Amino acid sequence: MYSTRVPAGKFSRMSLRRMLLLVGLLAAGALTALTAPAVPAQTPARRPAATPALYWPTDPFWATRAPDTVVVDIETTRGPITVVLRRAWAPRGVDRAYNLARAGYFDDSRFYRVVDGFVAQFGLAGDPTIARLWSEQPLPPDPRRTSNVRGTVTFAQFKPDDRTTNLFINLSDNPRLDALGFAPIGRVIKGMAVADRLYAGYGERPMAAANTARLYGQANAFLDAKYPKLDRIRKVTVRAR
């Protein structure tokens, strides 16, 4: 029986702004709501040449169209995972994931939510400034064109128009997510045994509401201190197929 929890995207903040961290529906049906420090409201119109694009979500870099098929190699602390992204499945989602990966967004990040038999979730930047900036960059929805079967990779969300950067690997067939609008963007073609071995001992705990300020104030530093057994993404590389 698949989990009743849902890989949730951005939430409305308690202060009427969006919540900044993905959370799941708990077994009892309640939402664990997480907030983060506010992001500066003003962003200059142009990115200085010396500033990485990751700090500039409005830069033209992010409008790059992904190839129709993209191979993504994920080097983790458990071994390699290879994913094929298919733009025909979810063009907006693939464009976002492709550009984040080639900019190095996922490098040195953590698999911060791993639930046996459900999902392995990642996509919170290790740099808290970058994590906050990108949590305020919602992505318009893609229609779902394929099912959330084992091995598919999908953006986490609370509703279809609040995807940002957080993704999960389906560790089992999760048909319940289909009806909720979760649109897979690709599939693991090598390394599912690696995904199955990702450390799941903390479950949902890293996403507890009490952790919010430290997650976004310290990011990796907090996760490494409090949840040292979390597996890591060392590096992500992309290549057109």
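The first residue you see is number 1, and the count goes up from there.
Positions of Cβ are set from backbone N, Cα and C atoms, glycine also.
These features come from TrEMBL:
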SIGNAL    1-35  signal peptide
DOMAIN    79-198  domain 'PPIase cyclophilin-type'
DSSP residue counts for the domain 'PPIase cyclophilin-type' (79-198), split into helix, strand and coil: 30 helix, 34 strand, 56 coil
Within the predicted model, mean pLDDT of the domain 'PPIase cyclophilin-type' (79-198): 97
